[in-house]
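Please read the structure below before turning to the comments.
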């Protein structure tokens with residue numbers, strides 16, 4: 001039997017096959033469109049130049065966002081979510097019920113408010129960390145990933161907090177890339193199909209290019225629409241299938257703050273950067289504002305006790321994030337108070 005590390009190495013190598021396939025298809029589509037269609041087939045120079053300018057705009061944005069999704073390392077929990085040496089030794093010796101008491105004692109000082117289905121503190125035995133809210137263990141990446149959405153074989157990476165914006169833009173620009181190719185190739189596809197143009201080496205490329213672009217556009221459209229819906233609801237794919245469990249019970253809309261603020265959670269506050277694959281998402285991935293803050297006194301109490309800021313690689317320490325979000329809590333409390341007032345007036 002081959003050593004375990006050799007099998008792991010082979011598995012990691014094979015995982016790049018989908019990425020290589022996508023790059024080969026994109027490389028061929030570039031050659032077919034630029035060389036076979038624009039240079040050899042389109043006779044009008046003005047049409048040729050306009051097609052090439054728009055095509056390269058979509059191509060650059062598509063490749064940029066695609067490789068940002070691939071190259072962005074998944075964010076993992078910080079050391080503050082790890083048990084101290086003494087606590088870890090004690091945890092390993094105790095029974096499950098006592099283990100939970102240890103985890104609850106440690107979790108009091110952390111911005112952790114989601115639980116397992118049975119109400120236990122979420123702990124990863126493999127990574128030996130208390131899982132932050134929305135964090136899950138990826139067996140493929142062999143690590144806990146902050147705000148994990150899913151593991152995508154087409155980018156050979158986990159899609160989560162660190163690259164979710166890039167992934168959504170990758171879907172958007174790949175869809176625009178495909179629909180632009182299909183729309184501009186269509187008239188020449190028809191001319192080749194009806195023999196209005198002579199049979200040349202460009203015919204195969206143009207015909208096949210239309211079919212491939214149309215097929216990818218249809219498949220990407222459904223995926224892109226689904227993820228836009230997730231962004232609008234402030235959910236991950238995992239949360240869409242299994243609602244997060246809070247102290248008050250499961251709530252699929254627990255992290256939803258309203259459409260505009262949900263969009264800002266992923267794309268940031270400055271709309272001029274939304275269309276570019278640069279990092280502008282809110283927070284640090286360790287803690288999140290929830291609409292249940294006004295319903296959970298313990299959560300508010302912990303948030304109010306946390307003050308100040310600390311910077312690590314440009315991110316805010318998880319122990320201080322709730323302190324920075326108190327304004328959001330107060331705004332939400334005002335909204336709730338207004339809602340109650342309206343209800344009372346309508347009843348009278």
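Just so it is clear, glycine is given a Cβ too, placed from its N, Cα and C backbone atoms.
Automatic prediction, not curation, is the source of TrEMBL annotations.
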Of the ranges 166-190, 241-265, 266-290, 291-315, which one does TrEMBL flag as transmembrane segment?
166-190
Segment-level pLDDT (mean, integer) for the domain 'Palmitoyltransferase DHHC' (122-241)
95
Six or more residues beyond either end and a Cβ under 8 Å away: which residues meet both conditions relative to the transmembrane segment (14-33)?
55, 59, 62-63, 66, 70, 140, 153-156, 181, 185, 205-206, 208-209, 212-213
Spatial neighbours of the transmembrane segment (49-67) not adjacent in sequence (6+ beyond its ends, CB under 8 Å) are 22, 26, 30, 33-34, 37-38, 42, 155, 166, 169-170, 172-174, 176-177, 180-181, 184, 275, 277
